Amino acid sequence: MGLIFAKLWSLFCNQEHKVIIVGLDNAGKTTILYQFLMNEVVHTSPTIGSNVEEIVVKNTHFLMWDIGGQESLRSSWNTYYSNTEFIILVVDSIDRERLSITKEELYRMLAHEDLRKAAVLIFANKQDMKGCMTAAEISTYLTLSSIKDHPWHIQSCCALTGEGLCQGLEWMTSRIGEQRNLLLFYLDLLT
Ligand SMILES: Nc1nc2c(ncn2[C@@H]2O[C@H](COP(=O)(O)OP(=O)(O)OP(=O)(O)O)[C@@H](O)[C@H]2O)c(=O)[nH]1
Ligand SMILES: [Mg+2]
């Protein structure tokens, strides 16, 4: 039994957690990915296809896919969905006109079978911009409180300074911590 325990535990702990970073073009997805990786702002151009990087936070390994958000690319987002544990939805908080499109995309994703078990982190990005929407306003507009079948969390951030990004990652790692505790609990019952 001890061997099975060790095997299951190591399987879970060494597991790579798949994350997709989505949102409309110009939202700041690529800037966020490279802030996570290098703690600096990189020069970006619109992503055609995707970027993928491994990000390690407190011994937790995330495989993060940053997917291009231009209109012509959105229909292929679903090719990235299988085995996704976390969706990071990046919102440009100054882009009021297109928040309705973000909302449509969000609910389309949540209805997708391959994302049934995914948790959603929403970054209200570009909080440095004058007149931007607050995370609370975005939350109300996106009717996040109506989402009952996926764990979700909204975090305001500024990808240029990195402010708020760590808090978002902490929410993700804390969810994994909860799952680990649950696994420990069931393994304990078995032994
Ligand atoms: N002011 C401000 N600008 C930002 C912020 N985050 C990103 N940007 C800028 O927004 C622009 C678009 O950023 P990207 O990271 O390329 O956007 P993207 O979401 O990857 O866009 P696509 O690849 O086309 O889907 C760049 O000029 C960034 O420097 C932010 O927090 N504040
Ligand atoms: Mg990009």
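Cβ coordinates come from backbone N, Cα and C, glycine included.
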TrEMBL annotation, GTP site containing GLY23, LEU24, ASP25, ASN26, ALA27, GLY28, LYS29, THR30, ASN125, LYS126, GLN127, ASP128 - matching residue among GLY68, GLY69, GLY168: GLY69
Residues among the binding-site residues ASP25, ALA27, LYS29, THR30, THR47, ASP128 that border ligand 2 - Cβ under 6 angstroms, in sequence order: LYS29, THR30, THR47
Residue pair LYS126 (GTP binding site), THR47 (Mg(2+) binding site) - Cα distance, angstrom, rounded: 18
ASP25, ALA27, GLY69 screened against THR47 (Mg(2+) binding site), Cα within 10 Å - retained binding-site residues: ASP25, GLY69
Cα-to-Cα gap, GLY23 (GTP binding site) vs THR30 (Mg(2+) binding site), nearest whole Å: 11
ALA27 (GTP binding site) - helix vs strand vs coil (DSSP): coil
Distance, THR30 (Mg(2+) binding site) to ASP128 (GTP binding site) (CA atoms, angstrom): 17
